[in-house]
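Structure in structure tokens, see below.
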Amino acid sequence: GHYKDIKKENEKYEHYYKEQKCFDISQFEEFLNAMKQPLPAVFRITGYKRHAKQLLKNMKRNHFEDLTELKIGDDTVKPPVPLSWYPDDLAWQTDLNRGQIRKVPQLQNFHTFLIAESESGHITRQEAVSMIPPLLLDVHSHHKVLDMCAAPGSKTAQIVELLHRDENNSIPEGICVANDKDNKRCYMLVHQIGRLHSPSTLIVNHDASNFPEIFIKNDDGKDILLRYDRILCDVPCSGDGTMRKNTDVWVKWNQANAIYLHRTQYRILLRGLELLASGGQLVYSTCSLNPIEDEAVVAAAIHHCGGAVELVSVSLPGLKWSPGVSSWRVMDSDMNWYDTHDQVPEKKKNISYSMFPPGGQDVMEAMHLERCMRLLPHQQDTGGFFVAVLRKKKPLPWQKDELKCEAEVVEKSGSETTAETDLLAYLKDKQPPLTTSASNRQAPPRKKRKWEPGFKEDPFVFLTSEDELFLCIYLLSRSFFGLKDFPVNQILSRTTNGKKKQLYFVSKLVKNIIENNINYVKVINTGVRVFSRSANTQNDLECEFRLVQDGSECIEPFMSARVIPIKICDVTKFLLEDQPKYDELSEELRDNLKNLAPGSMIYKYEPENENADVGCELLLCGWKGTFSSRLYMNNHERMHFLNMVGVPV
């Protein structure tokens, strides 16, 4: 293909980075050579911890042991190695290319395993450096997290996994709001995050630099502004750190890209800092090495926030990186360098104040830009990347309402002073002024800001006690599944009319957001499917809804009936045969099923002790028929469970 023909040279690029002095110049050749090498393949075992650890154990045992002595021609194959800085050995790097994996018989099983687990979403191909921002966010299960530029969603998936880190609680009290400006890319998010079956995620479609205010009702029923404990701000960038993967950047690179993108990046970061709760943390990241997109954006934001925001010193054990720089220059499209904004000719209006260091040596030292992390390709065989972690110490100077009363309730209609006028008033006394486009902040009061849907999303309709279906689910789930304390009012459907076939479950906070913002926030997707209407051919069924595999983790903790214990021998039987007859199952399982009415149920495997071969709990949605029983899961899920119990697929 054309990738092989691309000449990995660009004189402008070399000249720019040599002169910019943001690397140790003695390592420049090493840096450049590393940029020309193909990137090693990296994959991550995804999902919630106990499953991920079991899959890792089986992968090492069933696949990596074959690879230790393997030769391709005269070359000994290096087996995959874990990334030293990624927790629990859940991320792996391999120098095997796809061609080798397909050609060599011993690698064939590994290849089949990788494909099956990628399709079911339990393994994901992800660049090593892109795994870093979510790890540095330090997410806990009670946090409200916003991912501002989330598509395609591999970082978001990491955030959702961290939200579910407390394995005793399948419904975290926190939330992950995943946003993307591009409607089509939002559906990539639906696919990526949907595999995790979390009731605590919300996918929305807005311009990050003008992300709307979201209101929630507090316990007293009053409207309060939603502020986030953690925000990921992985902004659109020139991508010049990705040349190892996107080789066409060698041809397309020019110095103007960064200047064009800087303003958008700056606006997104400022909006993120406004939405962040005091005491909260924001991670700003790019896959560019250009200081105009990196340190300049961070420094301008810190400067304009007047002491409200600081850089945090962070690291990951085993990760190599270089500190951020505190001096840089700006190059225009004619390749002229400028050290300060005063040197820029009047006609170069696209070069703004915010692209330059915002002060002298004292100001810059006080900012601690060395706390930013620059990841260079020759340091650890990765792509190029930039990350900064910012903490908000107090409300921003122009957030007047929040300065007056951080915890006080804000009127929903909004006051006539918007954040935008607050910001402009604040900046009038400051020199240099912010470009007005960068201050296009919080939109005016609610009543003016109802969006006109240009796209048609299915509605989100919660079951209410007036709803006939509510009664059906409420009564049947209580009597049939023993769901005593299950919050039925957090169940929604995606249709207002006709027979509701699929029912979804969301956490309390997601419901609060949807009910209070449905006309102001463009929600693309939320909820995990918990019930599906059975094709009720036999009228002797007690419950016309069946449970769904996706929702089993959410719903099983509430069930006091129809959860049947199962041993691995029977699990394997069900996975390998579509509908085993009762006499093919173990006597113990037959006894457990004997008095159960036909219909939907959950098989639950629990390890007998810590040394059990399958060391984690498994929940399998099943159906009890008259003569046989079966599982309700698709082929990808079936393959995944076979890998979990260690049966070669």
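Cβ from N, Cα, C; glycine included.
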The S-adenosyl-L-methionine site in TrEMBL lists Cys149, Ala150, Ala151, Pro152, Gly153, Ser154, Lys155, Asp180, Asp207. Which one of Asp229, Asp234, Asp240 belongs there according to the record?
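According to TrEMBL, the candidate sharing the S-adenosyl-L-methionine site with Cys149, Ala150, Ala151, Pro152, Gly153, Ser154, Lys155, Asp180, Asp207 is Asp234.
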Measuring Cα to Cα, tell me the gap between Cys287 (active site, nucleophile) and Gly153 (S-adenosyl-L-methionine binding site) in whole angstrom.
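Spelling it out, the Cα of Cys287 (active site, nucleophile) and the Cα of Gly153 (S-adenosyl-L-methionine binding site) are 15 Å apart.
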Counting every protein chain present, what is the number of Cβ atoms, excluding its own, within 10 Å of the Cβ of Ala151 (S-adenosyl-L-methionine binding site)?
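I count 22 other Cβ atoms within 10 Å of it.
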Note the mean pLDDT of the domain 'SAM-dependent MTase RsmB/NOP-type' (31-393), expressed as a whole number.
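Summing pLDDT over the domain 'SAM-dependent MTase RsmB/NOP-type' (31-393) and dividing by its length gives 93.
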Going along the chain, which residues six or more apart from Lys155 (S-adenosyl-L-methionine binding site) have their CB under 8 A from its CB?
Ser130, Met131, Pro133, Pro134, Asp147, Leu232, Asp234
For a quick check of packing: other C-beta atoms within 10 Å of the C-beta of Cys287 (active site, nucleophile), how many?
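Neighbour count, Cβ to Cβ under the 10 Å cut-off: 23.
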